[in-house]
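Lifted from TrEMBL, the feature list:
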| type | residues | note |
| --- | --- | --- |
| TRANSMEM | 20-41 | transmembrane segment |
| TRANSMEM | 70-92 | transmembrane segment |
| TRANSMEM | 104-124 | transmembrane segment |
| TRANSMEM | 144-162 | transmembrane segment |
| TRANSMEM | 174-195 | transmembrane segment |
| TRANSMEM | 201-222 | transmembrane segment |
| TRANSMEM | 327-347 | transmembrane segment |
| TRANSMEM | 367-384 | transmembrane segment |
| TRANSMEM | 396-419 | transmembrane segment |
| TRANSMEM | 431-449 | transmembrane segment |
Amino acid sequence: MESRETGKQKKKRDMTQGKIISPLIAFTIPLVLGNLFQLTYNAADSVIVGKFVGESALAAVGTSTPIMNIAILLISGMCMGASVLMSAWYGAGDYETLSRQISTTLLAGCGFSAVFSLLMLFLARPVLALIQVPEDVMGEAVSYLRVIFLGLIFTFIYNFLANTMRALGDSKTPLYFLMISAFFNVAGDLLLVAVFGMGVFGSAVSTVASEALSCLFCAVYIKKRIPLLCLGKKWLVFDRSLLGRTVSYGSTSALQQVCLQIGKVIIQSVINTQGVSVIAAFTAVNRVDDFIYTPQQNIGHAMTTFIAQNKGAGHSDRIKKGFQGGLLIELVYSLLLFAVVFWGASGIMELFAENGDAQVVRLGTDYLRLIAFMYLLPGITNGIQGFFRGIGDMKVTLYSTFMNMLGRVGAVVLMIRVFHLGFVSLAWANMAGWILMLLFEVPLLIRSLKRLRQETERR
């Protein structure tokens with residue numbers, strides 16, 4: 001065990017002593033880079049499809065994305081749950097159980113992905129109709145969604161193998177593979193969509209091929225460099241008790257993310273009644289929002305690790321300092337993004353509009369310039385969620401996400417459907433969700449911080 005993990009490596013992961021801010025930033029950067037490259041898969045679809053195919057094709061990709069994300073987040077939740085357990089087995093030197101954990105999760109995940117893919121071949125059109133996708137984009141949306149779901153097994157395998165490597169302390173290798181795959185995804189989009197004119201079908205094929213490439217890289221690397229993770233025939237077993245523990249660990253995170261996506265699906269169904277230009281603008285600003293909010297979420301995840309380590313070490317004072325340091329990073333990041341998005345909104349929107357479509361650019365620019373003033377709110381909520389995950393109170397993160405979606409969805413329905421306030425009101429709806437979330441979280445946060453202060457005083 002010791003031969004695999006040097007003292008230097010341990011020191012890098014030890015956040016229970018020393019500085020506060022720099023370890024948080026150092027831990028956050030790889031997470032941010034990995035997630036930003038993951039987002040390029042979807043962003044490449046939107047930019048290239050919008051530029052070379054047209055507004056209806058961009059709308060088709062946008063209306064399909066929330067459905068696709070629900071399946072992906074269920075898979076991610078399972079992988080995260082397995083990763084926690086794999087870290088424990090590896091740390092304990094229990095390689096037999098580690099192998100059984102890998103085998104069980106791999107078999108269950110592949111089976112789930114295969115069944116989900118098969119179902120969506122037949123249910124793609126009814127599901128899209130359920131969220132009121134307009135008929136003029138339905139055909140392209142169905143085509144895109146079916147291809148994406150056919151490649152769902154590659155999405156699972158990559159996420160699982162990447163989480164497995166991270167569980168053993170290797171977070172850089174999955175990032176490198178993801179960067180290479182992101183490059184191939186963009187190149188594939190340009191080739192299939194711009195050169196061969198394959199439309200949204202070509203974009204979906206490029207995305208699936210890139211995911212498959214990620215799987216191949218991970219599998220070859222593991223076989224060559226990490227023999228511990230290579231499963232022999234005797235380890236290809238399905239352990240129900242281990243699967244139960246995996247589901248238990250991953251279910252809260254998965255439910256939280258699925259709750260978020262269900263809310264987005266409902267909002268998408270409202271937007272789908274407003275016309276193709278509004279759908280295209282909504283798709284574009286959602287892509288921008290993803291890039292903005294992902295680093296905020298990653299800062300929260302870094303806070304989770306910092307706080308969890310110090311909770312285990314009994315350092316109540318450092319938990320509070322870590323939380324404060326994380327919020328400071330969120331503040332600085334939010335101010336920087338305000339400047340970039342507020343003054344660059346028009347240029348950002350032009351990336352997503354076919355030939356600079358004036359209506360789409362105008363709608364998106366107005367939205368981005370307003371939402372830029374609110375970026376600090378999700379920064380604070382992500383910081384608070386990182387705190388509660390770190391101290392082990394996962395239910396607060398789930399319930400607060402539900403409150404966020406309740407406020408946001410309710411505001412969208414009122415502002416768009418009832419009062420017809422226009423596209424820019426979506427920014428106000430976001431603010432309503434964040435405020436409701438904070439009203440739920442802050443009293444619980446104050447109580448938890450008070451308890452931490454009392455623990456510190458007793459020591």
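Backbone N, Cα and C atoms are what each Cβ position is placed from, and that goes for glycine too.
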- Message: Does the structure show the transmembrane segment (367-384) and the transmembrane segment (104-124) touching, where I'm treating 3 or more Cβ pairs under 8 angstroms (sequence separation 6 or more) as a contact?
- Response: no
- Message: Can you tell me which parts of the same chain pack against the transmembrane segment (144-162), counting only residues 6+ beyond its ends and a CB-CB cutoff under 8 A?
- Response: 60-61, 64, 67-68, 71-72, 75-76, 79, 82, 105-106, 109-110, 112-114, 116-117, 120-121, 124, 127-128, 174, 177-178, 200-201, 203-205, 207-208, 211-212, 214-215, 218-219, 222
- Query: Is it the case that the transmembrane segment (20-41) and the transmembrane segment (396-419) have 3 or more CB pairs under 8 Å, with pairs at least 6 apart in sequence?
  - Reply: no
- Note on the structure: Beyond a gap of at least 6 residues from its ends, the CB atoms lying under 8 Å from the transmembrane segment (174-195) belong to 30, 33-34, 37-38, 40-41, 44-45, 48-49, 51-53, 161-162, 165-166, 202-203, 205-207, 209-211, 213-214, 217-218, 221
- In the same chain, residues at least 6 away from the ends of the transmembrane segment (327-347) whose Cβ sits under 8 Å of its Cβ atoms read 21, 24-25, 28, 288, 292, 295-296, 299, 361, 364-365, 368-369, 371-373, 375-376, 379-380, 382-383
